[in-house]
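Written out below as structure tokens is the structure these notes cover.
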Amino acid sequence: MNIKQIKAREVLDSRGNPTVEVDVILDDDTIGSAMVPSGASTGQREALELRDGGTRYLGKGVLKAVEFVNTEICNTLINFGIEDLGKIDQAMIDLDGTETKSRLGANAILAVSLAVAHANANRQHKPLYMSLNQGENYKLPVPMMNIINGGEHANNNVDIQEFMIIPAGAPSFKEALRYGAEVFHHLKAVLEAKNMNTTVGDEGGFAPDLSSNEDAIKVILEAIDNAGYKAGKDIFIGIDAASSEFYENGTYNLVSENKSLNSEEFVDYLANWVENYPIISIEDGMDENDWNGWNLLTKKIGDKVQLVGDDLYVTNSKFLKQGIEKNITNSILIKVNQIGTLTETFQVMKMATDAGYTSVMSHRSGETEDTTIADLAVATGCGQIKTGSLSRSDRLAKYNRLLRIEEELGAKAVYPGLDAFNHLN
């Protein structure tokens, strides 16, 4: 079955900024559609979105990217067979001709890549995860729920970008979601009792002003306890430090605590948390260019927790290969829009698996109602997903999609729990 038409349009994401939506239409009029997200704290090496500049939408319009899809990309891909996603993605990479997809825009290329996958699944009358993986059993992901937001995701004084709860002790995804929602509501009550702000950040988590970064962990533990769960048994904690956002000239500047730490001191700062709290995952613990710091961190706590590279690797095989060779981190965050095609996403995930690294499927802070990443988490069996807190429909859409997938699979659905985190001693 061949591609007959490709249509793109400008739509809005969860922050009210434009993004690209694409419909891929086949000869039999089957349609596949996808929308792409956008990040706030972005790695320096990410594939580049194409934005219009000027005054329209404060410079963030995507009409140029839309035009490239409707002309160059459409003209190139018409009559391509829908079954060979690798060939289609490579044709777009070649057409773009830049390393960072900056000519056509990673937002244009990715929207087409995802829409092609959806069109192929719809043609087969299969859900996307099943179209991408014809397996017997499917692994549902353990959710990493960002319930306190700081850093670039919130207007508060918390330096660390995300404090997450991880309901790895739940027996199923459905129950994990319930654990998370109950803790979220109890956290709101805890914050209200302390006269703290309960407005939410970009990813649906609360964004209170706190006297220290560590206080975020303490209020979460209080909420877990109040909800009737045991921290370290039912629910664990994950951190996304996004440390590149507060790293400058070799120093980690924790403004909320009036501290400036060198790499070794910041490693000790994080290691102290791991020692004292049920933390099982730390993402972007060190700056994306502080390879020495990453080496120190991996040696110190890499056998106790999952150390996830996000800004460090930007879902790119070239950078992951360097990390594997240097023996730093033990996990990679997967954001499809950092690399710009589904084919390259699968390639980097295979490289991670082959090296014994885990992969964590992830949303971006600027999201849409598109639920593709939920299917990708199940199709790849990566076992973990980051898709925000327990509020905002752009986040809940992914969780609700996973609920439907688990129900659809019945006995074929496996919830891995702590087994998804294979670096814990």
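Cβ coordinates come from backbone N, Cα and C, glycine included.
Feature list (source: Swiss-Prot):
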ACT_SITE  Glu203  active site, proton donor
ACT_SITE  Lys335  active site, proton acceptor
BINDING   Gln161, Lys335, Arg364, Ser365, Lys386  (2R)-2-phosphoglycerate binding site
BINDING   Asp240, Glu283, Asp310  Mg(2+) binding site
Rounded to a whole number of Å, the separation of the Cα atoms of Gln161 ((2R)-2-phosphoglycerate binding site) and Lys335 (active site, proton acceptor) comes to 17
Tell me which of the recorded positions Glu283, Asp310, Lys335, Ser365 ends up closest to the residue listed as 'active site, proton donor' in space, Cα to Cα. Ser365
Out of Lys335, Arg364, Lys386, which has the highest number of nearby Cβ atoms, where nearby means within 10 Å of its Cβ, if these are the recorded positions? Lys386
Nearest-integer angstrom distance between the alpha carbons (Cα) of Glu283 (Mg(2+) binding site) and Lys386 ((2R)-2-phosphoglycerate binding site): 11
Can you give me the Cα-Cα distance between the residue listed as 'active site, proton acceptor' and Lys386 ((2R)-2-phosphoglycerate binding site) in Å, rounded to a whole number? 10
Quick one: of the binding-site residues Arg364, Ser365, Lys386, which has its CA closest to the CA of Asp240 (Mg(2+) binding site)? Lys386
Binding-site residues compared (Gln161, Ser365) - the one with the fewest other Cβ atoms within 10 Å: Ser365
